[in-house]
Amino acid sequence: MHRSTGLSFPEPFILRWGGCDRARTQAVVDGHSSSPGDATPRLQYLLEPLHTAVHTQRGATATLPCVLRALPRNYRVKWSKVEPANYGENVIIITNGLYHKNYGPLSPRVRLRHSHRYDASLTITDVTLEDEGRYRCQLVNGLEDESVSLTLHLEGVVFPYQPINGRYRFNYHEAKRACEQQDARLATYQQLYKAWMEGLDWCNAGWVLDGTVHYPIINSREPCGGRLLLPGIRSYGAKDKQRDRFDAFCFTSALQGEVYFIRGHLNFKEAGQACRNHGATIAKVGQLYSAWKFLGLDRCDGGWLADGSVRYPITTPRQRCGGLPEPGVRSFGFPSKELRTYGTYCFVGT
């Protein structure tokens with residue numbers, strides 16, 4: 001809650017500009033400081049941050065550093081978040097050192113750290129998937145405005161996703177909704193690139209958050225750009241968000257709950273009831289990937305998930321569990337919900 005004052009702040013607006021404890025741990029900071037040879041103007045009032053990237057997980061508390069070396073007269077500090085999908089910048093909080101006002105959907109979960117009178121660092125509690133991205137701390141001081149940019153990175157996992165009716169069915173907006181329905185969000189290009197570096201190899205092109213389309217290739221092969229192309233991220237560039245159709249690359253982070261397996265010969269309806277009998281729900285695809293990535297879930301049993309697909313997570317590859325040499329979440333696709341029987345993966349929140 002901000003303190004009630006006679007101080008006048010502008011209404012929220014968008015600027016256009018170019019360019020561990022799993023549940024409640026403090027974010028770990030990582031990055032690089034600027035070098036003396038940088039071409040950017042030297043900051044007069046804001047300290048250059050030692051690290052420009054903050055690493056955290058969903059559900060944690062993260063602090064983005066912004067500290068003043070001196071307090072100019074009649075100044076304000078404005079925090080905002082860059083939104084790559086619309087090339088905009090949404091205001092989060094404005095302070096004059098004594099009072100502050102919060103804006104937008106982040107409002108209930110943000111505060112100024114204010115550990116001393118020069119500290120304008122931004123603390124975000126109960127970090128969500130949507131919080132990842134680039135933030136700007138701007139000192140507003142007449143003609144001497146200054147700013148520093150920082151990036152909040154969530155530790156997570158990227159997974160390709162397509163619907164029951166086959167590949168290349170999503171326009172951009174449908175892909176975005178599909179990821180959200182699976183306890184995930186559309187991955188950023190940076191997240192997809194990191195996943196490729198960690199071994200993601202997928203031949204179907206998919207949307208990422210900024211509206212571009214890509215697919216990651218580790219093993220070059222004919223159906224995936226040809227054998228002569230080096231491994232890398234194949235790119236289709238920006239596509240029409242309404243008309244063009246591809247798969248989706250989704251991103252999820254640490255679970256706020258538990259995924260477990262119920263053995264049985266269950267059709268899809270019976271699987272849902274089995275989870276409800278245990279006070280749980282059928283796990284979503286993103287929840288299974290998160291349990292595999294962060295909790296080491298390893299089972300050789302195919303089980304129903306909420307979208308009607310059947311999958312199983314493998315941490316330790318072995319011959320009788322798909323035969324593939326790499327860890328991963330294996331898929332049986334979308335079997336008949338009435339005629340096929342499997343176990344089920346359930347999710348219960350904390």
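In case you wondered, yes, glycine gets a Cβ from its N, Cα and C as well.
Owing to the predicted nature of the structure, the values given are computational and were not obtained by experimental measurement.
The disulfide bond annotation in TrEMBL covers Cys203-Cys224, Cys300-Cys321. According to TrEMBL, the domain 'Ig-like' annotation covers 41-149. Among the features that TrEMBL reports, domain 'Link' is placed at 157-252, 253-348.
Cys300 (disulfide bond) sits 29 Å from Cys224 (disulfide bond), taking the CA atoms of both as reference points. The Cβ of Cys203 (disulfide bond) lies under 8 Å from the Cβ of Tyr215, Ile217, Arg221, Pro223, Cys224, each of these being in the same chain and 6 or more residues away along the sequence. Non-local contacts of Cys321 (disulfide bond) by the CB criterion (under 8 A, 6+ apart in sequence, same chain) comprise Cys300, Tyr312, Ile314, Arg330.
Considering other CB atoms within 10 Å as the measure, the emptiest surroundings among the disulfide-bonded residues Cys224, Cys300 are those of Cys300.
In terms of DSSP secondary structure, the domain 'Link' (157-252) contains 22 helix, 30 strand, 44 coil. Per DSSP, the secondary structure of the domain 'Link' (253-348) breaks down as 21 helix, 31 strand, 44 coil. Shown for the domain 'Ig-like' (41-149): DSSP residue counts in helix, strand and coil, namely 9 helix, 49 strand, 51 coil.
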